[in-house]
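For reference, the structure discussed in these notes is given below.
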């Protein structure tokens, strides 16, 4: 529905003119409080929102929005850095907000950013159904989905993605080529849910396992969180079950660091006793000398932000969806298979 028709609907609901509705949207002080409140209520009921006009003194401030799941997630920082670098080159400021892994909050943040004058949004989904919030955004509004794809993404939404399924396959194949078969996977949960990237990594892991003629074993799946102490306890609980294994694949470096802590406390040597593989190529893997998967986060974020500016400038894009391939960063935490262990 176009803007004029929607304003006409509101005018009919309230019993005023379209001009009055427009004045309320533009915060014109000539509208009395009673009418203003009625118009605002009607606008809310039909789900109407748009850019608010900035005061003249602020009109030179150009803004884009960035919505991320968690400010404290170390693996997300390179994405934030890449977005900010490109925004700075275009003389734009970045409003960064976290959804705290809530789809409802993602919807609220999208609307708030549009209303405060953001010219476009880089959207980092938090959940498998995050695409629902994009269905409520005007189709013409510039938005780019970053890192991971979710269900219900509107058709022709521009996406710049990490191929997490490939990464799960790549990491598992690397460990299997070293002779490992019983590979424990350490996944993250957030508010009781697994993120789209974690689910895709698991698909890649299963593909590699089943391709080798092995069965996926649920008992080799460990669930941690962004809280290192929680992950350490999850590893302790896994070890107490006496399940034979020889390697752990942490689906991000922070999870792998939790595993590292738990193993070291038990004097389990890495990689002599257990091989440990991370994902994200963060400072944790660098400091620990841990083999990890480099997902080229900064590069992908830069590309996504340039795509957003192309949309803002109404330029044609060659591709709607761009998928980046990652690579192994081999260090010192994985070795050839020396036998399955129980502890």
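Heads up, the Cβ atoms here are built off N, Cα and C, so glycines get one too.
As annotated by TrEMBL, domain 'HTH lacI-type' applies to 5-48. The domain 'HTH lacI-type' (5-48) scores a mean pLDDT of 79 in the predicted structure.
Taken from TrEMBL, the feature transmembrane segment covers 63-80.
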Within the domain 'HTH lacI-type' (5-48), residues counted as helix, strand or coil by DSSP: 31 helix, 0 strand, 13 coil
